[in-house]
Amino acid sequence: MPDVDRFGRLPWLWITVLVFVLDQVSKAFFQAELSMYQQIVVIPDLFSWTLAYNTGAAFSFLADSSGWQRWLFALIAIVVSASLVVWLKRLKKGETWLAIALALVLGGALGNLYDRMVLGHVVDFILVHWQNRWYFPAFNLADSAITVGAVMLALDMFRSKKSGEAAHG
């Protein structure tokens, strides 16, 4: 691995690239295979593939707005992504867990940013539901990576507090 003092934990960006590529390939696949809102049941009453476009943020927040939200969410994603790269670069050698968490969040943010900038919406295709009574909003691999990375960040904060260490950052 390159000199950690010079590059920080930037070599962990391979995870970011992997998340981005898997996210974009999966979105392209489901756009080619499914029509809008078509469902393919994978596990009855629990899990399906579907195709949905989200012009808003998480849970379709502001999706009904006139289009300005596309640029707002893109700007937020760019600022957050730049901040994550700086944070990643400043990590020390022993902060591997945190490096992986940041790389996951960054990969997901960039995957959804690409959709938003190029397509004008985010492509979602994973649908978790319970029978026909409850549906979680459709999501994608980028959203999953962001969620896993965020949980890892939260666990890192709790671990740091419990051991009496200063919070990473």
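One is the number of the first residue shown, and numbering goes on along the chain from there.
Glycine residues also receive a Cβ, built from the backbone N, Cα and C atoms like all the rest.
Features of the protein shown, as given by Swiss-Prot:
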- 1-9: topological domain 'Cytoplasmic' (TOPO_DOM)
- 10-30: transmembrane segment (TRANSMEM)
- 31-67: topological domain 'Periplasmic' (TOPO_DOM)
- 68-89: transmembrane segment (TRANSMEM)
- 90-96: topological domain 'Cytoplasmic' (TOPO_DOM)
- 97-118: transmembrane segment (TRANSMEM)
- 119-140: topological domain 'Periplasmic' (TOPO_DOM)
- D124: active site (ACT_SITE)
- 141-154: transmembrane segment (TRANSMEM)
- D143: active site (ACT_SITE)
- 155-169: topological domain 'Cytoplasmic' (TOPO_DOM)
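Residues 19-20, 22-23, 26-27, 58, 97-98, 100-112, 115, 122, 124, 126 of the same chain lie 6+ residues outside the transmembrane segment (141-154) yet bring a C-beta within less than 8 angstroms of a C-beta in it. Cβ atoms under 8 Å from those of the topological domain 'Periplasmic' (119-140) belong to residues 23, 26-27, 30-31, 34, 39, 45-55, 58-60, 70, 111-112 of the same chain, restricted to positions at least 6 beyond its ends.
Long-range Cβ contacts of D124 (active site) within its own chain (separation 6+, distance under 8 Å): T50, L51, A52, Y53, N54, P137, A138, F139, N140, D143. For the recorded site, D124 (active site), the DSSP three-state label reads strand. Mapped onto DSSP helix, strand and coil, the topological domain 'Cytoplasmic' (90-96) counts 2 helix, 0 strand, 5 coil. Counted within 10 Å of its Cβ, the other Cβ atoms near D143 (active site) come to 20, all protein chains included.
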